[in-house]
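Participant: I have a structure here, written as structure tokens, and I will follow up with some questions on it.
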């Protein structure tokens, strides 16, 4: 007997929409037992985890604050992943975007001007693009794996940030503490909802995701990206440029990640600090796959991810759940969602070795 | 199921606070004070966050039913900080301790939103009507360690593992070096910066590098026990940081500079209960019990032990100030004149190395 996975030729609609619900149900069930073993009231803890983030205006705004950068970055990454371009270094591109954006904010510190924020947006996107251009160049010119180069450049970016906040960009009135001055008003994204942290960045994310969806489904460029990813040979015959696609998807992902970084420093943080993000660039990879590499799915996936983070914090605050336990719960949610997604696309078959030898079928390796 | 009852209470509070907003949270706080703590590391770091959590546990014990405590650990300094602090305030906490420097600006932002909630921020320098600051005079402990090191070193090279080149850490290096050279003018201090408060891997690597350069005593201003373990393995001495780290290297561990936040936390919680809380800047040291040195290693000779014990007493009584002039910086310039002592603002903005520290301070 052996275990085989074979792709389903047709995927029934009820399965596509039903499995995420099943995954959530399984998470709730497992969470129930997890919290019970920990000696907590399982029902109340689940409520805190999954519902409490949605109950207040502040909570909803925080959801947008947390999901915003994830959606923005994941959208860029998904387009690359569709084209088989594996940009793992969004965290570094985000950091560079934040540095470039902050550079503008600090250069015009204390000055008024409606043009400062737009300039920061442009600088942030350029910073991310510049950082993503390095793996793109190395890939197209020397065939160097973009997985390695983009990932390693993340550490370089973090160190560049560290040099700046410990050195030239350190707050002169900050007692040598490694952080920049607080940006002045002209360089801060306005808060949209009084009493919360909801800022204009959330709309940038939403707009980017919808635009990316239009790009993928309604334009030749989007078609090209998908063909290059799924059938490189066919793409070549069609005259689609492989190198052009590598450049396009890396630069786009870099720009969006850079924007996300700039929005973080101009929004919730308000200054340049040595630690800018809790790993948004890496979490966004999960979000991209959770959203099935579809920008509209990514919006949902980003929100789910944000709920699990904020719910985890709430569970610590209100139920004294240890942080490790919130991590376990979050891991279960992701595991069930991704596993069910896999089972939607592939059928599990048990078959004897003989039968397999006799009748070859289209197979994939168990991934 | 031990936690059930306690949990039922907090869920009731949660539902009310979440459902109807901060107004109800305050109503609950009126009969029972909720105290929140935000930690930068895991409570299991055996260092800085561990000590703060120990303080929280003592608060819970001391006040019993009158107080309820809660905490969030491993909170990244970044966009998430403000939300966590806000959740605590919205959840009905009347007093919130934010225990890392990087929480400073988020604490102030949340404090503006919740003017009736009291906030206490550790190691920062910005205050508001409802935001107090507190810290420890860790450099006082460093002086005692410096004396011990000066007497015990044979290679005359002391390794010092630094976190970030901020005044708190730099003043510690300087206090240590001044005391070291007061008993052993030949001794030098070598500093390695790891740019992290808690990174066992980097701290161990720094310890190895310093030992390879001939250091026979290590001092650290980072929070993991990794350097102590490295010193134990290589058969040299080391000073622990934040908590009593003797169990990680019984032979190597000379003493630790322990932060004990319990007296301060109890005092501040009491002040809120009494309605006498005011925004202040608290800076406790050996005298207030904020900084304590656990028992010295039995292998320290009697005369060195006596010297160290006397230094502790003199600092407590005020007879000895760790920064007494003349103090020269690395270039030989006098920074504290003879007969003077460094003022608190001078210590809090210290951005130079004294004579005897090798290398240059990262700028």
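A Cβ is built for glycine as well, from the same backbone N, Cα and C atoms used for every other residue.
Here's the feature list from TrEMBL:
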- A:12-38: transmembrane segment (TRANSMEM)
- A:58-81: transmembrane segment (TRANSMEM)
- A:93-109: transmembrane segment (TRANSMEM)
- A:115-138: transmembrane segment (TRANSMEM)
- A:150-169: transmembrane segment (TRANSMEM)
- A:200-223: transmembrane segment (TRANSMEM)
- A:244-263: transmembrane segment (TRANSMEM)
- A:324-344: transmembrane segment (TRANSMEM)
Participant: Apart from its near flanks, which chain residues at least 6 from the ends of the transmembrane segment (A:12-38) lie with a Cβ under 8 angstroms of it?
Facilitator: 45-46, 49-50, 321, 325, 328-329, 332-333, 336-337, 339-341, 343-344
Participant: Could you give the residue numbers and ranges of same-chain residues that sit at least 6 residues beyond the transmembrane segment (A:324-344) on either side and whose C-beta is under 8 angstroms from one of its C-beta atoms?
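Facilitator: Contacts with the transmembrane segment (A:324-344): 8, 11, 15-16, 19-20, 22-24, 26-27, 30-31, 34-35, 38, 49, 286, 289-290, 292, 304, 308-309, 311-313, 315-316, 367.
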Participant: Counting Cβ pairs under 8 Å to the transmembrane segment (A:244-263), which of A:58-81, A:115-138, A:150-169, A:200-223 comes out on top?
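Facilitator: Ranking A:58-81, A:115-138, A:150-169, A:200-223 by Cβ pairs under 8 Å to the transmembrane segment (A:244-263) puts A:115-138 first.
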Participant: Which listed range (A:58-81, A:115-138, A:150-169, A:200-223) shows the maximal number of Cβ pairs under 8 Å with respect to the transmembrane segment (A:93-109)?
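Facilitator: Most contacts with the transmembrane segment (A:93-109): A:115-138.
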Participant: Take the transmembrane segment (A:58-81) and find every residue of the same chain, 6 or more past its ends, with a Cβ under 8 Å from one of its Cβ atoms.
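Facilitator: Distant Cβ neighbours of the transmembrane segment (A:58-81) are 52, 87, 90, 94, 193, 195-199, 201-202, 204-206, 208-209, 212, 215-216, 225, 229, 249-250, 252-257, 259-261, 263-264, 267-268, 277, 280-281, 283-285, 287-289, 291, 293-295, 298-299, 301-303, 305-307, 309-310.
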